[in-house]
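*Asks:* Just passing along the structure, written as structure tokens.
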Amino acid sequence: MNSDKAMKGVERAPHRSLFKALGFIDEEMDRPLIGIANSYSELIPGHMNLDKIVKAVKDGIRMAGGVPVEFGTIGVCDGISMNHKGMSYSLPSRQIIADSVEIVAKAHALDGLVLVPNCDKVVPGMLMAAGRVNIPSIVISGGPMLSGRTNGRVTDLNSVFEAVGAVSAGKMSLEELAELENTACPTCGSCSGMFTANSMNCLSEVLGLALPYNGTIPAVFSERLRLAKKAGMKIVELVQKDIRPSDILTEAAFMNAVAMDMALGGSTNSLLHLPAIAYECDVDINFDKINEISEKIPHVCKLSPAGFHHIEDLHMAGGIPAVVNGIIKKGLLNGECMTVTGKTLYENVKDAKIKNIDVIRIDNPYSETGGLSVLRGNLAPDGAIVKKAAVAPEMMQHTGPARVFNSEEEVSKAILGGKINPGDVVVIRYEGPKGGPGMKEMLSPTASLAGMGLDKSVALITDGRFSGATRGASIGHVSPEAAEGGPIGLVEEGDTIEIDIEKKTINLLVPEEKLKNRKPEKVEKPVKGYLNTYRQGVSSACTGAVFHSTKE
């Protein structure tokens with residue numbers, strides 16, 4: 001076993017002495033040493049139950065004959081860090097999570113890893129670590145929050161963000177906002193729509209690194225604890241059979257994940273995270289492949305923010321296995337990929353049934369193409385991402401005057417100050433991976449537009465990114481970013497921008513000769529500490545905003 005490096009032989013007597021200081025007995029040193037990466041936090045609603053998940057995982061490991069050892073990782077709540085400087089640290093935290101899991105696993109010669117994430121950057125960060133470390137690994141997440149009930153209406157966190165705009169527009173009272181604030185997030189768990197955390201937790205099933213139903217069992221269900229025990233038992237089996245992430249996280253598995261992302265209408269952030277995870281596994285996911293898959297895969301689920309259903313509805317309708325089974329039967333997924341169950345993807349789901357055809361619409365899809373698209377044009381030569389599943393029909397084609405801002409803070413003031421008009425195209429730049437730095441999410445601006453009733457008449461484009469809760473004609477990840485000399489840095493107030501989501505184009509309607517004579521506005525955003533380190537090392541959003549320095 002890998003742990004023999006730290007436990008076996010005469011020269012390892014000092015090492016064994018330290019293990020015995022931890023309370024180990026000799027018999028435990030002959031068993032698989034399983035690390036549990038626990039991102040428990042009292043700052044993140046989606047992570048406040050992970051102590052219970054980890055206890056169940058430990059029970060499962062011990063039942064199967066392994067020895068569990070728990071260690072901590074950091075995490076950021078994107079909702080709490082939204083719309084202030086804190087959001088600059090969200091995406092950078094993904095790198096630190098991946099690095100920290102790698103460091104602990106390698107430094108202590110672990111035999112296997114149980115990864116216990118739940119929220120936005122923690123799931124991909126841990127999956128990146130699994131690909132990089134490549135010892136037997138399994139993911140067991142904390143589970144989704146239940147949706148709220150506010151005066152008879154089903155609500156979620158996005159309802160509260162949009163309500164801020166509604167209050168500013170005089171469409172909602174402060175009393176109504178307070179009622180919503182108190183009821184929209186009723187339990188622990190990852191926020192209840194098909195937002196980023198739930199998108200990635202669902203895709204971890206499809207990638208094959210999590211057990212079936214990992215993405216949809218609500219955080220407060222006892223079923224979640226039972227799944228955690230099974231994950232603990234399964235990791236010991238994976239170690240014994242030497243089944244590693246490299247056996248599971250293949251190119252075919254990633255293509256399956258992209259396809260399911262399209263079928264589910266997942267978060268735009270998933271198209272930042274999947275390439276980053278693939279990078280650690282030496283698999284290339286580029287925007288051309290993503291668009292090719294998008295053209296073939298029907299959009300079969302429409303959860304919040306695109307629709308009215310939530311993750312608990314998807315779970316009750318049959319969960320990810322039911323969706324996967326339906327898509328495989330249409331010949332659109334590779335069912336032969338290996339998974340942590342030791343079985344193929346199809347073997348995992350072949351008996352899963354759709355229990356609610358209003359939630360999972362395999363035979364009556366919302367559209368014949370996927371819920372996410374990559375746009376290209378002279379404004380985004382390397383691509384930009386839109387969640388077309390959450391775009392109103394009247395905004396699928398839009399042409400309007402540019403309203404240019406160099407930070408999220410500037411645009412938020414303009415929106416809430418009533419300075420954005422129907423027909424405008426809001427441009428937020430210098431918020432990319434390097435320019436921000438940190439590539440902040442723009443949920444507050446998009447939610448404010450929606451709450452003010454402008455989501456069906458105003459488009460928003462940015463070299464930053466969006467929350468999975470964002471809806472409307474919100475186009476992010478514009479690449480190259482302004483800080484790297486991208487054309488978005490040349491846009492001037494009043495320029496005409498043309499967007500055609502169906503044709504996958506985004507163009508600045510300014511003559512090429514005129515653009516050549518423009519110089520980008522110089523925007524300095526000095527930072528220190530980790531953000532400065534991040535700015536120097538991070539790559540473009542179109543390649544997953546990874547650190548190329550992690551490769552030889």
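Backbone N, Cα and C atoms are what each Cβ position is placed from, and that goes for glycine too.
Among the features that Swiss-Prot reports, active site, proton acceptor is placed at Ser467, with the record citing sequence analysis. As annotated by Swiss-Prot, Mg(2+) binding site applies to Asp78, Asp120, Lys121, Glu441, with the evidence given as sequence analysis. What Swiss-Prot lists as [2Fe-2S] cluster binding site is Cys119, Cys191. Here Swiss-Prot flags Lys121 as N6-carboxylysine.
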*Asks:* Reduce the DSSP letter at Glu441 (Mg(2+) binding site) to three states and note it down.
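*Replies:* Note: Glu441 (Mg(2+) binding site) is in a strand by DSSP.
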*Asks:* Under a criterion of Cβ-Cβ distance under 8 Å and sequence separation of at least 6, what residues of the same chain contact Asp120 (Mg(2+) binding site)?
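*Replies:* In sequence order, the residues whose Cβ lies under 8 Å from that of Asp120 (Mg(2+) binding site) (at least 6 apart) are Val76, Asp78, Ser90, Phe195, Thr196, Ala197, Met200, Asn269, Gly468.
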*Asks:* Which ones are near Glu441 (Mg(2+) binding site): of the recorded positions Cys119, Cys191, Ser467, which have a Cα within 10 Å?
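*Replies:* Passing the 10 Å Cα cut: Ser467.
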*Asks:* Counting only residues 6+ apart in the same chain, whose Cβ is under 8 Å from the Cβ of Cys191 ([2Fe-2S] cluster binding site)?
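*Replies:* Within the chain, Cys191 ([2Fe-2S] cluster binding site) has Cβ neighbours under 8 Å at Pro45, Gly46, Gly79, Pro144, Met145, Asp156, Leu157, Asn158, Cys185, Ala197, Asn198, Ala469.
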*Asks:* If I take the alpha carbons of Lys121 (Mg(2+) binding site) and Ser467 (active site, proton acceptor), what is the distance between them in whole Å?
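*Replies:* Here the two Cα atoms lie 12 Å apart.
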*Asks:* Could you round the CA separation between Ser467 (active site, proton acceptor) and Cys119 ([2Fe-2S] cluster binding site) to a whole angstrom and send it over?
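*Replies:* Here the two Cα atoms lie 12 Å apart.
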